[in-house]
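A.B. asks: I have a structure I would like to understand better, so I am pasting it below and will then ask my questions one at a time.
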Amino acid sequence: MAGAQPGVHALQLKPVSVPESLGKGNKFMKWDDVSNGEGLCTVDTDLLDIAYIKDARNGKCTKTPKEAKLRELLDVSTLAGKMENRMLTVVSGPDMVNITYLNFMAFQEETAKEWAEELFNLASNLMVQNMSREACLEKAYGVFLCPRSIFRMFSADRKRVETALENCNLPSGRSDTIPQEDFTQEVYNMFLSNICSRPELDHIFSDVGAKTRPYLSVEQMTEFINIKQRDPRLNEILYPPLKPEQVQLLVDKYEPNASLAQKGQISVEGFARYLNGEENSIIPPEKLDQSEDMTFPLSHYFINSSHNTYLTAGQLAGNSSVEMYKQVLLSGCRCIELDCWKGRTTEEEPVITHGFTMTTEISFKEVIEAIAECAFKTSPFPIILSFENHVDSPKQQAKMAEYCRSIFGDALLTEPLEKYLLESGVPLPSPLELMGKILVKNKKKHHKTSGSTKKKLSEQVSNTYSDSSSVCEPSSPSAGTALPRAHRHTQSHPAKRAIKSHLGQLSYDVEAESEDEDDDDDDCKKGSMDEGTAGREAFATEEMSNLVIYIQPVKFNSFEASKKINRSFQMSSFVETKALEQLTKSPVEFVEYNKLQLSRIYPKGTRVDSSNYNPQLFWNAGCQLVALNFQTIDLSMQLNLGMYEYNGKCGYRLKPEFMRRPDKHFDPFTESTVDGIVANTLSVKIISGQFLSDKKVGTYVEIDMFGLPVDTKRKAFKTKTSQGNAINPVWEEEAIVFKKVVLPTLASIRIAVFEEGGKFIGHRIIPVSAIRPGYHYISLRNEKNQSLTMPALFVYVEVKDYVPDTFAEALSNPIRYVNLMEQRANQLAALTLEEGGEEEGEKEVCGHTTCLEAQTLEELKQQKGFVREQRKQYKEMKELVRKHHRKTSEVIKEHTARSSSSPVQTVLIWVNFITSSLQSLPLLLSLLSKLIKERIKDKKPLVNVDSHNETSQQSSKHFHYILWKRGFCNYQKVLCKLFLKANAPHFCFRAVKKTLCKCIVVILNQHLL
């Protein structure tokens, strides 16, 4: 991604290490929820894949038994500490919705605390989530200790399993067990080689240099790594190629034969282990680490965002869940949505639900507590709470504000930072400056009344109408678009409406500027299906309004109005259809808008199944808060997870530089290269697959590219289907080439594997800017984006800077190209109008192949542009010469025919002649000055005055001289102004010509008066 800090990044990723205490283990008591209550239980030894662990909790965040008997049974020792502090809850599941809780109780508080911390650190470690192929195979090592597990994994090809076990001298019966001392790491590697043979590695090893001998030297291995495996896009000074001494360390690490390693030689087995190793991962570790500059304004980042965070299923029916807020935050999301409604219980507690639908309600306070618990567990950068506030009770809004203040504490941002006041032209603070802060997006109240008046009116309404008092009633949804909440009142008392109206008139004013309104676009107009089911938001009370600082929602009117106001703290929300409309009509303006202000995009209301739009559309326009339904892991959500997997999974990705700089302009629909961005050429060859399925079934691979419209290629490539082999299929096919990826920093490649019937097996989404060239393994992920242990693809990737076809020839044979360009230049010079040009050209034509200096790619590009400009100017010159001769003839004829005309016409004729011939302006000035001086010297008027004019007959020569002198002075002023204008930086010859003619006519006409 663009924007990484300069210099070599110091890796901050923590290596995978298991504390000794966890390795030895500790005693816990396990209890479960059962249908008739809670109870203790005993379980057989089982394994829980750490990839499925979402969280590990201790203390008040854990689950505790509800029945008194079980609590007494568990609380056996009060001396060991509080029971909740000895609790350990392990949260796991295949996705964010289907969550399982494993409840344990330790005998010591320190034990439970240590296990909770270390389990979470391991589960959230980015190196664990992006393991090398070697680590994945080691992870499966423990599973293969039992032949029953092996047969279960390869149930469709039992004969192959039996043969592999027999070749390793291991028992092959289904009921047999393999002694652990016999199943060593070496035997395990031998078993993998037998069950999944790799003939393609032998061919690669031979091609690299081992054709006549069974090993590679250190020098050959160094050449292979630096030429085939190194990214040519890297700076050779900051990232120098490996030296033989460094490669020798790799040989020592991976070569199993110690004698070969001492000689500086590596066998095919060591070569294969190197390809499996962590040094050869498909993604460099620095891309996974938090490496992007976090000091730019908030509007310069893509921010991981959720829509209707509380929902676990569809938009119209299903359960709302407090746990969803925890899971979404733990996944790295930094903007979550809270749809707040007025509680109807006697406690008057606000709730969160999807208005006018059959979804369940959850407690607002519990949600705030859940957010406080998980807000900064995976990322320290700021969280945005997007409130959709329908609470029409001032009392309950006051409760909401109080919960936010008391539960969030100092983490809640309630005042603007000193350097970032809420003024026009002031940018937003950076994520680094807002680290550890929670920002509220809610309606902002603008009023002119005193606080006492507002409080008095609010109390009057509250005391008069109790629960049913409202600040603003929500508008009813359109027919057929929503299911109404059965308990919501649809009418209000006339007196209540009068007080409400009076309060609204006193508390709100309409700004003078039409472009500065306080209604958010996505909340004020909910009548269409696209914009959802909920009605208009309630007015914000003073308490909630005071929590809104840098994220103030306003109605979007136009990009021009937003630019004129220039308030970075104001933002607008767009339903996906409206955003797509704006993107289509004004793509460049949309990008410019997002440089200063935040924009939030949310799914249209007709997506009742909680499906998602393609977020790439709006990332291309620089939209920051592209909100998706996290409960649905479809392709769009997979792209979102892939996008925010990098930069430390912190939820923020720095936008490309041209999407941030005010002096750069970008059109998302461009098909040409972007200024300052080097396009890439990407080639991917699918070589083979390993352990793709446990079935004896054919498999195939598809490749997609997502990015700018010009870069996006859906189903760009598909391999042939392997014939009944999912363990080690090999595809002998040509590579797919993406010749020109215009914007690599926003492009991602998706590689997906399917069974022959179309059933999904696994996939991987990798940014083009992060992918490593060379031979690599790509570990696959399931549809929920969780790592699969065994399935993988072996590929060969080439990535380099894009070179147009015209320059590709120059790079392949530069001497021939330079000679050809020189020959063409000489041929063009021979056709010019200069005398002797042909002779000079002939003198210059000679061979320079022996003394030609090397030229850089930039010099070749400049020469290409020079030749193109030379051809263009030659054509223009020929056309101008032709026009010149034709115009000269016409003007001379016209001048001859009008020889008796007035000097005014003569001057204008010469002006037109000179300017149309494109002569220099000084020549024109000199001609006019000479003409005027001659008239004054000869005491002749510039204009022939009518002899019948009485004034003319009585005037003296002195009078005429003064008049002519005054005229000459005026001419001098005019000519001086025109000369200055001609030398201005934005000189326009046509404008000077027009002004000159006008001034001459005006001045000469003065003499007629």
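Using the three backbone atoms N, Cα and C, a Cβ is placed for every residue, glycine included.
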A.B. asks: Same Ca(2+) site as Asn308, Glu337, Asp339 according to TrEMBL: which of Glu269, Glu278, Glu373, Glu388?
C.D. replies: Glu388
A.B. asks: If I take the alpha carbons of His307 (active site) and Glu337 (Ca(2+) binding site), what is the distance between them in whole Å?
C.D. replies: 6
A.B. asks: Check the DSSP secondary structure of His354 (active site), expressed as helix, strand or coil.
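C.D. replies: Where His354 (active site) sits, the three-state DSSP reduction gives coil.
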A.B. asks: Between Asp339 (Ca(2+) binding site) and His354 (active site), find the distance joining the two CA atoms and give it rounded to the nearest Å.
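C.D. replies: Cα-Cα, rounded: 6 Å.
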A.B. asks: So how many of the residues in the domain 'C2' (660-790) end up helix, strand or coil by DSSP?
C.D. replies: 3 helix, 60 strand, 68 coil
A.B. asks: Provide the number of Cβ atoms within 10 Å of the Cβ of Asn308 (Ca(2+) binding site), excluding the reference atom itself.
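C.D. replies: Asn308 (Ca(2+) binding site) is surrounded by 27 other Cβ atoms within 10 Å.
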A.B. asks: I'm trying to understand the geometry here, so how far is the Cα atom of Asn308 (Ca(2+) binding site) from the Cα atom of His354 (active site), in Å to the nearest whole number?
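C.D. replies: Taking the Cα atoms only, Asn308 (Ca(2+) binding site) lies 8 Å from His354 (active site).
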A.B. asks: Based on Cβ atoms within 10 Å, give me the single least packed residue among the binding-site residues Asp339, Glu388.
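C.D. replies: Among the binding-site residues Asp339, Glu388, the sparsest Cβ neighbourhood within 10 Å belongs to Asp339.
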A.B. asks: List the Cα distance (Å, whole number) between Glu337 (Ca(2+) binding site) and His354 (active site).
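C.D. replies: Roughly 11 Å, rounded to the nearest whole number.
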A.B. asks: Sort Asn308 (Ca(2+) binding site) into helix, strand or coil using the DSSP assignment.
C.D. replies: coil
A.B. asks: Tell me the Cα distance separating His354 (active site) from Glu388 (Ca(2+) binding site), rounded to the nearest angstrom.
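C.D. replies: Given the Cα positions, Glu388 (Ca(2+) binding site) is 10 Å from His354 (active site).
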